[in-house]
């Protein structure tokens, strides 16, 4: 079947504007290209959108002929083959290779036991020539002896295509010409066309289409067929393909190794900048014989109004060359990245593209190769240049230098001694060698008994050699003991030494074998200098690693191991020294330890050419010098040369670069005066076309910068006051000094008078301005300039709202403390805001403005669209966050914190809620500063601001006198790192007091399970645990954290990274292209969390503004399609609605059972949907997801029908609870034959077919389908019975005629809300044919309910024929649907569910443990509305809230607050209760005049006790856990009611969002985190008794920890002397330390009643 040429695959990315700036239309790039590249560009574009959302990139896949016709409007074109050079020159084109791919031979031979037949080149050529026609030909049998007997005597039917010469069809023909001379001759005679050859002429070869997909489908549907296709298209499909013998005679299969081998075979041609070659039939031993490279081409001379578009296109190309993560992603789709040297040459070609006569690409990409070093991961990442990116690839030092010969790298790094004379050839005569750093190479060991020791093991040369030669195999060997002191010897274990050997060519191998060869003739004779040594070890004495970075990781993970390794690699392995460097004992007995000092001495010896073998002056004997090798005069552009010069200078003279080097254990080379002089002279002579390139070149003189007597500014020396000359090399003469003195003597007095006058005028002006209207800073604004929108969050210091300021979306933090804001507090607030507005850093939230006048004090910040890191981690719509992205998040957060600390600001409240993410997933630190202001406000109301315990360092919890807040921030960061890898809430289930006690007393931290340790990089775990170490001095600084995370980002044991980029990270969010697909595959979610920081992008299908849409003719139906990566369907789709009927009645019947049933139903729907290839649309804002209704999208009608049928059948088999089945709506029903046709939830299903509009949610990375098609499907569902499937005529028409079950026409129906009547069909499931709907049943069917058989008259319903047309006599279908069922998600009809629009919100009257409390009205009744702080509640937890509200609604007691109902729609989830006019007991007692009488106090306490007793009377008891005066409410008649009970889960989660209160009322068993019962409420009541008695606050003046420890140590509030003894005795019993000694609340009521006999009990 030939692919219709009119069908075009379109991939479109529509990028939303940054939220903090005005919305702008970004550049639009349109490229057309081959169909084989659709998936490749889909991955490129969707992942690039996460990096750059200011550009829209469109890729249209089409035939080659259509590509050629499209070149006049396309910005670029993608072909499967290179355009010949002659056409490139003639048309002014430039092309870039993209990826390597494989063409495979696909076949369909039924009955074979093997999926991979074997073919050779000649046999394949003879098949296509027509000389081999049968599958059982002897040549094919000989190649496949295992299946020879299975090969059929059937003709091989060939599927070919004769597309344009830039297609894979042409590549296939050219490859066959190389494979077989027979084919080449026949092909020439046929005019170079498959279609003119014998197989086509004789009818057993047909044109199977240009696209690989078409040929694959043809092969699958054609027995005994054979064709060819690109492997990327074949790989995910179930089709057999052949392995081949290549040109070298080796059997190979298509994969990254064999294709990259083929590319490498032509590498020398590529390095000459010839990208027009084919790579099929490569000669390499491992090369796949039909390999190919696809290309992207464009004009080299753009002429257009806006050249930004050209730059954006080139940036996109550079990105997919440079970004490591996208390279890993495309490998999964069988696209194979180019060799790094080829990428470098291709990138250099970008600078040949011009726009309007100017070079389009100004950004410089420096591509470097060299030995894998941690410093070359950290330096490029830290060197932040907006115009330059450094990309560093690991290689051998010799390879890095060799690549300089062909300009295949911009520079190389070598750690071997560099012999410049060796390379002074015609190709490298201008070689420059700049020494950058030096480091120790050490004998490293991992002996657990030595961890934490201040002393190190000592080894001599002979012992080290004997270890490597297998002569010393035990750590307790006498040769080791002889070099160490008695203490060390006492610790030496009787354990086998495991030697770690790098079984791959490496510089370190060569260096240490050379070193030992110089020290020992025995080693030299046995092994000798080599970069791949071969040792003769017993198997249990060695561990091999083939990773160039693997020795370090192996050492740290292998106890009792040993190896030579660079010291920086050891430092970066772990915070605690698990792997340590041994000291060396020289031949004279001198012991030398590897330190900075011994490294410095060794460098000095090396520079002064001292033979270290003969000199023992305390220098470390084995070091390596890291040198940068480059072309001094012939780099390929001035810009590249200048960028490299800047980088070299930065590494040697920047403080940050030096700090990184020092942290990792490197010696910056320019510390040494000789190297300093050499490096500066190299920079001075570094030129391009005789122009100096360094920005300090003109300041360099005699190996100094400005003679060390001035500074270099803009390449000019600014001399000290006593120096002059071009380089400050001259001292100023005395005469000059005298003249200056005379001039100064005259000028200064005059200048002084003028300055005085100016100062007086300025002071007067300032005084005038202050007097009239005060000082106005640039950032000071009037509050009325802000337009406030939805509330985003609530904290201890106020609310955060989304808003608009001067047309820009912003976040506005309202400061709302008590009204006692003093002038000093106001001034402190203004002073601190002034400092914060000066801070600018990409990882710190931008402070934009502030209003500092009470009562409308606020801060205006940039709006962070994705909300907090905490929300992201809790968002189960994003079920998988790649570890690499987690590391990057941590790295960006640490950068922000390092900046703050460097600016003199400590955070003091660092937590995941205060790390915000913008729309591009960049992390920024927020809620810092205002330290003085917060302190002032806390002093006003200390109980309200007790802190966020989970992230608080122990020294702060214990209120140490001298706290280093920088290191306490590091502690908090450690908790955040734990959150990142677990996505859990720290200390979940523990009270704040329990957390504090456990952290301080027991050194308790969040649990890191063994499984987690095995899944997460040990370097990450080590860094995390060091951050939260109890001893602050052990904790790293944020600079060290940055460095260690930077190295971790590269997955290196020794150095942490194989390649790096200053602008492009290894994990540029790209794996989130998979998050969207995986999110819909979760069949067991806890639910769905949505973020109130929300943006929605919308697009129409079929338009050029589609977001990553791919339109194709791939709507092929499989009976039961199983997918692991489900793309969202586009184009015309089937919309399926499922809905639970009578859900409200079931929730009213038993909320607990209905919650569990709904969770089972949700899991079942999602599981079957995934198996059938469906996509779950985000639900509309009118209803929550998971409450009974689903909107599912299918691209194929048959898959949709399969889903419907499977769902209805499997619902009957669910293990529903017996309690649920008691209800008539969910009871079991059987047909007359005893077959169960109903059980449990009744679900109705409606279907419609058509186009939709799609909204994209960037937070969940999912799509919402809307529009008339969706509305119609929903409307059809509302008139459908439970258990019934109804579809529109559009669906019925698309249903395959081969389907065994035919839909039954119900006629034309009018549906409310749908303008036109619809012809509807019912789909009848044969297994459930006995179901009865609306008085009509199918032929020969009836049902039995409640085990009793009831006969029904047979009805004539002819299902034998099917027609999608309306019958001639159309009749009206009247569905007998009750009014309350004409509503989807009927769970919303519960009596206690309130429409939020019916609530009128009033003033805020309080802030509870899980919500902000407002006064309001509902249906003209005064109510209190508690709006949940946490609105991002996942699906299952929201069902739990629904269950709890249903239960609480049934509670009725005069001393329990009455639950009116709840609104359950985000973002307005709230509960509504009766309104209590006098507020809470605490406030009432404070404001009560006159003071309460004894009788009143007893009455209040009795009523409180009655309320608690009522809660405890349930089985199991309802435990309040938070009894205190602020949760006891009073009405105008002093009636007491208990509030704030229930919702334990929500309270727990909100404990991290609001600052916890003091633990005055908390029972000791809760603080100890012990098991507790309802007696904890009795304890709290005892404290309340004391408060009511004294009208005072308990533990007044004590801090959080003091109160906590007092409670644990049985210290209680002091009882007044005039307190009645019986009352005091009851209090003591209530607050007894042992819960078993406390009375019940019923006992309490009886005792209290004795004090006032007139009170009824």
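For all residues, glycine too, the Cβ spot is worked out from N, Cα and C.
Summarising the annotation, Swiss-Prot assigns active site, proton acceptor to 909 (among others) and lists similarity to another entry as the type of evidence.
According to its DSSP assignment, residue 1522 (active site, proton acceptor) is coil. The active site, proton acceptor annotation in Swiss-Prot covers 1522 (among others) and rests on similarity to another entry.
Summarising the annotation, Swiss-Prot assigns domain 'Guanylate cyclase' to 1134-1277.
If you average pLDDT over the domain 'Protein kinase 2' (1399-1651) in this model, you get 84. Annotated domain 'Protein kinase 2' per Swiss-Prot: 1399-1651, in sequence order, evidence recorded as sequence analysis.
Following the DSSP three-state reduction, the secondary structure of residue 153 (N-linked glycosylation site) is coil. Sequence annotations record features per position, and here Swiss-Prot assigns N-linked glycosylation site to 153 (among others) based on sequence analysis.
Residues or ranges marked as N-linked glycosylation site in Swiss-Prot: 178 (among others). Summarising the environment of residue 178 (N-linked glycosylation site), the number of other Cβ atoms within 10 Å of its Cβ, over all protein chains shown, is 17.
The annotation N-linked glycosylation site is assigned in Swiss-Prot to 238 (among others) on the grounds of sequence analysis. Annotation note: residue 238 (N-linked glycosylation site) sits in a coil segment as assigned by DSSP. Remark: residue 238 (N-linked glycosylation site) has 220 as non-local neighbours, by Cβ distance under 8 Å and separation of at least 6 in sequence.
A coil conformation is recorded for residue 255 (N-linked glycosylation site) in the three-state DSSP classification, outside any helix or strand. Annotation comment: Swiss-Prot describes 255 (among others) as N-linked glycosylation site, evidence class sequence analysis.
The secondary structure of residue 352 (N-linked glycosylation site), as reduced to three states from DSSP, is helical. For residue 352 (N-linked glycosylation site), the number of other Cβ atoms no farther than 10 Å from its own Cβ, over all displayed protein chains, is 12. Under the heading N-linked glycosylation site, Swiss-Prot lists 352 (among others).
Residue 454 (N-linked glycosylation site) falls outside any helix or strand according to DSSP and counts as coil. Around the Cβ of residue 454 (N-linked glycosylation site), 4 further Cβ atoms fall within 10 Å across all displayed protein chains. Per Swiss-Prot, N-linked glycosylation site is recorded for 454 (among others), and the stated evidence type is sequence analysis.
DSSP assigns residue 476 (N-linked glycosylation site) to coil in the three-state reduction, outside any helix or strand. Within 10 Å of the C-beta atom of residue 476 (N-linked glycosylation site) sit 13 other C-beta atoms, taking all shown protein chains into account. Residues or ranges marked as N-linked glycosylation site in Swiss-Prot (evidence: sequence analysis): 476 (among others).
Feature annotation from Swiss-Prot assigns N-linked glycosylation site to 494 (among others). For residue 494 (N-linked glycosylation site), the same-chain residues lying six or more positions away in sequence with a CB closer than 8 A to its CB are 474, 475, 476.
Residues annotated as N-linked glycosylation site in Swiss-Prot: 596 (among others). According to DSSP, residue 596 (N-linked glycosylation site) sits within a helical segment. A C-beta separation below 8 Å, combined with a sequence spacing of at least six in one chain, links residue 596 (N-linked glycosylation site) to 662, 665, 667.
If you look up Swiss-Prot, you'll see 1-23 marked as signal peptide.
Under the heading transmembrane segment, Swiss-Prot lists 742-762.
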Counts by DSSP class (helix H/G/I, strand E/B, coil) across the domain 'Guanylate cyclase' (1134-1277): 62 helix, 39 strand, 43 coil
Sparsest-packed among the glycosylation sites, when each Cβ's other Cβ atoms within 10 Å are tallied, from 153, 255: 153
Cα separation, residue 352 (N-linked glycosylation site) to residue 255 (N-linked glycosylation site) (Å, whole number): 33
Nearest-integer angstrom distance between the alpha carbons (Cα) of residue 153 (N-linked glycosylation site) and residue 178 (N-linked glycosylation site): 28
Candidates 178, 352, 454, 1522 (recorded positions) - the one closest to residue 909 (active site, proton acceptor) by CA: 1522
Spatial neighbour of residue 352 (N-linked glycosylation site) that is closest, considering only the recorded positions 178, 454, 1522 and their CA atoms: 178
Cβ neighbours of residue 909 (active site, proton acceptor) where a neighbour is any other Cβ within 10 Å: 23
Neighbouring C-beta atoms (10 Å sphere around the C-beta of residue 1522 (active site, proton acceptor)): 21
Rounded inter-Cα distance in Å - residue 178 (N-linked glycosylation site), residue 1522 (active site, proton acceptor): 83
